[in-house]
Every structure is written in C-alpha cells, then in structure tokens.
Amino acid sequence: KLSVSPEMDIMEYCRKEWRGNTPVAKRMRKGYEAVAQKFASIRRIRGDNYCAFRATLFQALSQATELPSWLQSEDLTMLPENLLNKYDWIKQWQLKQKLGKKMGEISDEIKEYLILLRKKWKNISEIKDPVEKQEACDKLFKNEEEEYSLYEALKFLMLNTAIELYNDDKNGRRVPVFSWLLFARDTSSNPCQLMHNHLNHIGHTGGLEQVEMFLLAYALQYTIQVYRLYKYSTDEFITLYPNDPEEDWPVVTLITEDDRHYNIPVRMCQETML
C-alpha cells in the first residue's frame, strides 16, 4: 500500500472521480479546475487517520531547503523528559502499537522519534537536485515504521504547543484565536483532556479536526494552505491555517473534498511560479 501515490493529471483525476451531474459533482469539478490553474498534478494520500499528517509532512519535506530553527534547538530532545517532570498525566500518552506502555519507557521512544524527525528533515533539506529530493521523500514514505514514528513526533510537538498556548493564556499573554476555540471544547478544556480525548486517538480512531489543523501549523511553524473543494465559490474555498500566518513561515498546500481526507497538489504551473 503506497502512502503517497504517483502523480496524476489533476483534471484527469477529477473526471475519473466526479462523473455525474449532481450539484456536488459540478462544484467539485469547478474546484478542481481552480486548483488546476495553479498546479498540474495531484498525488493521492493513503486514507487512514494519519492523512493530514502525511500530506503536510510530505509537502514540507518535498520543499525543505533548510532545517527549521525549532528542530535545531538543543532542547528538542529533552522535551519528553522535561514535560514529564512537570505533568504527571503525560504518562498516559499512547504510542501507536504500544498501548499500555509506561511513560518512562515512552519518553525514550519519543526522544528517538524527535531525533529521527530532525535527521530526516536535515538529510532531505540538504539534497539540492529536485528529482533526487522527491525520490528521497518517496522512499521515506514507503518505510512504514519510520513514517509512523514521525507522526508520533508530530503529535507530541502538538501537545507541547498546546501546553505553551494554554499557559500563555492563563498568564495573560496574547494567544491566537484558535487556541481559545481549542480549549473551549467540552472534550479539551485543558491540555490533559486534549491528549486523552483527541491526540491519543489520532491515527487510531480519528483524524485531525479543523481546530487541530491550526495546532499542527503552529507546532511546525508552517502555514498550511488548503483548497477545500466543497466550499468552492465561498470565501472558505482557500483556507489558511493559521489565518493570520507569520510572514516568514513556509507554506504547504493540500486539497480536501470534505475536511477529512487530504491529497496534495504538485507541480506548480510555470506562469504561477513567475
């Protein structure tokens, strides 16, 4: 099973998927036509509950030319240990296929995942040749064990970001609006609940909700631009997470038909790039 399928012409893909004349099919075709003004091809992302992670990380690595500063930080590898010393409840973190493991052991594993994320990002960002870079990404996303380890690292970074935002808000510092929305949910009124009711389930029984797409963007310090095809002809057709991005954050682009499954557009059309 391929995590990221080979490239296919966007309009060819659209014609295959949306043949009928229902209002929905017409809207999807219009949406794909708009994406095709900017991108030539689409790559399908494997549809398990990790597809938002998979699409975002694949796009970020495909265009990475340097290691982000937060990945260079010495503190990164100490993160699991430091958080555990402060928050006992993190012991209930659930690793994929490692249910029921004690957090003492888990902290070492998450440290390994964070080191792996740094290493892969560094290696791929150093590849200058675009074809070679693409091949390296394809290879990484065919290695299931490494791939899922990277998603565990991303989830943990999201937890860390959520804790920082929660504490900032409690201490009267300014936080982005999505942070209030994140903690206004009955199921995640604090980081502990967010972990139990949301982060622990991502990849197992659910994917990322919209407010968690903001959290992922903040954790990676990337702007995630999403073509939401079912919102074509509304002002939500192209949605940015976060909607007031930092100027220097790189941008990755995804496509969704329903806010649940994500694919990726590739090959920017020449005129768009100029």
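In case you wondered, yes, glycine gets a Cβ from its N, Cα and C as well.
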**Fill in**
For TrEMBL, the entry region 'Linear diubiquitin binding' belongs, out of 128-134, 184-190, 205-211, 233-239, to 205-211
**Asked** Excluding the flanking five residues on each side, which residues at least 6 beyond the ends of the region 'Linear diubiquitin binding' (205-211) place their CB within less than 8 Å of a CB in that stretch?
**Response** 49-53, 178, 181-182, 185, 198, 241, 259-261
**Item:** Candidates Asp48, Glu236: member of the recorded positions with the richest Cβ shell (10 Å)
**Value:** Asp48
**Prompt:** Mean pLDDT over the region 'Linear diubiquitin binding' (205-211): what is the value?
**Reply:** 91
